[in-house]
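**Student:** The following block contains the structure, expressed as C-alpha cells.
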C-alpha cells in the first residue's frame, strides 16, 4: 500500500515541506520525504496539498522529490528493551545508530526501537482457556535487575487463550500467546505500538496523596510534589534547573525515570550518560541507568523532533504506569519545545499571538501536563501506577511574565521558582521560598503525620511564616542596621539565617547531605524551631540576645546536616541546644514553657 500512495515535494520551508499528489492523506499520518526517506508527520491537509513536519534535517531537499505515505500514525514501540537505553526524539536508539553509521546521526537512517535479535526470558502467567482483555498481564520478563517487565494484552484486544508458549527465551517478535477472538486468531508478541499523541486509557483516576520523596529538604518539607502530580521548575540561565532535575532522576523514590532532554545543551546529556551508569541507586545498590530511559534531543538536533520527543517520552511513561509502576517524567526544557511549536507555526503561516507563540500554546501545555496522574490500570490483576510530570521552564532573562511560564503555572500543582540572586550567592538549590508554592502540601501532610511525626505540619507552617517575617525585617535592617533592631527581631533574623544555611541549603555533589531522609528533615526543622521558641521566651523575660549569640551550638546547627552520623548527630545536638538554653534560663531565674506562636503562628 505504501508503494502505491506516492506524492511529490512542492515546496520546502525549513523543517516544513509542502507536498502534493496524495488525495487521501490524513492528519497525523507518517510519511517518508525525499530520496533518502526522511521521517515526517502530516500537520495540515488542504484540498490539493498537505504540509509535513519533517523530523530530520531537510537540507538538500528539492521540489519533485517523492513523498511516500505509510498509512500509520506516529507511534511508540513498547516492550522489553526500553529500559536503560538512550533514544532520539523519534525513538531511534542512539547506540544502534552509532554501530550502524558511526558517531553522527545520518539522515534517513532507520533502526528498530526494540532490538529484534535479543532473547528475553518470558514467564507466562495465563493458561489455555483463560479469557483475557485489554491490559491483562499475560507474562513477565526480567528486563533489568531492577525492573520486571509485565507483558500486557494490547488495548482493544480481547479473547480466549488458545495457545501459550512454555517458559523460555523469545524475541519481541515471537508470538507468546495466541488468542481466539470472534472467530479470528490473534497472535500476541511481547511488543506493542501506541500513537504518541493519544493518552493511554485507564480504569479510574486516583487522588495523589503520597509524596514523591526527592531528598532535597526545601522540596520534600516546604514544597512537596505528590506521586502523579505535575510540577514546574522555572528559572533563568545558571540557576540550577538541570542539576535539580538530575537530582530528582537520581534520588527520587519513583521506580522508573523517563528523562527527556528537549533542546538542551548536548554536554548536559553527555554528563548524564557518564554519571548514570556509575551512580548507585541508594535503595537497591544497582546502577541508576537500570531504571532509567533517556530521550536525547539536544539543541543541535532538528527542531521539529523536540515536539515528538515530548510525546514519545510521556507515552513510554504511561506504558510503565499501566504495568503498575510509579514513573517520574522529566522534560528539560518545555520552553525549547514551545519555541519549536512557534517556529513550525510560523513556517505554516499561522496567526501568532503573544511573543509570536501560536494561539494553541496553552492547549498543548495542558495536554502534556494532564497526561500525568495516579491511576488504576486496565486489566487484571488489579494494580495502580502513576506518572509524575516535571517540566523545566527557561524564561528569557528570568522573566516569569512570558507566555510559557504563565500558561504552565495554570496547569501544575507545584512550582519550584529558581532565583538568580540565590544562585549568584551560591545558595543551592536556588529555590525561592517566597515565590514557590505547592498545592499538594496539605494532602501530603497526612503522610508526614502518619509516617514521621504528628508535629510536622505545625513546624513546617511556622518555619515558612518565620522566613516570610524575616524577609520583611531584612528590608528594615538594610536601612537602619541590624544592631538598631529590637532583640526579638534580631532573633527572627538569626533563626532565619540558621534555617537558610542549615536546612534550605544543600549540596548536590557528594557526602552525607546529598540525600536527606524524611526523619532527619523533621528533626533538623524541630531543632531550629524549638531553639527559636525557647530563645524568644528568654528575650521576653528580659534576657539579652547577646547571651544567645555566644552559644557555639548556633554554628553547629548550620553544619550538623553534613555530619556522617546522620540522624543520631542531629538528635544529640538537639539535646545540647535545649540543655544550653535551659542553663541560660536557670542562670537568669526564668521559666521556659511558651511557644512563640504569636510571632510566627
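The count begins at 1 with the first shown residue.
Cβ coordinates are placed from backbone N, Cα and C, and glycine is handled just like the others.
Feature table excerpt (Swiss-Prot):
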- 235, 236, 237, 238, 239, 240, 241, 242: ATP binding site (BINDING)
**Student:** Starting from the Cβ centroid of 235, 236, 237, 238, 239, 240, 241, 242, the recorded ATP site, name every other residue in that chain with its Cβ within 8 Å, sequence order please.
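**Tutor:** Near the ATP site, beyond 235, 236, 237, 238, 239, 240, 241, 242, sit 394, 418, 420, 423, 430.
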**Student:** Neighbour count first, Cβ atoms within 10 Å, every protein chain included; then name which of 239, 242 tops the list of binding-site residues.
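**Tutor:** Top count of Cβ atoms within 10 Å goes to 239.
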**Student:** Give me the non-local Cβ neighbours of residue 238 (ATP binding site): same chain, 6+ apart in sequence, Cβ-Cβ under 8 Å, ordered along the sequence.
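**Tutor:** Residue 238 (ATP binding site) has long-range Cβ partners 420, 423.
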**Student:** How many neighbouring Cβ atoms, not counting its own, are there within 10 Å of the Cβ of residue 237 (ATP binding site)?
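**Tutor:** Result for residue 237 (ATP binding site): 12 neighbouring Cβ atoms inside 10 Å.
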**Student:** Between 235, 236, 240, which of the binding-site residues has the fewest other CB atoms within 10 angstroms in the structure shown?
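**Tutor:** Comparing Cβ neighbours within 10 Å for the binding-site residues 235, 236, 240, 236 has the fewest.
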**Student:** Name the residues of the same chain, 6+ apart in sequence, whose Cβ is under 8 Å from the Cβ of residue 241 (ATP binding site)?
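**Tutor:** The list for residue 241 (ATP binding site) reads 233, 235, 332, 333, 392, 394, 418, given in order along the sequence.
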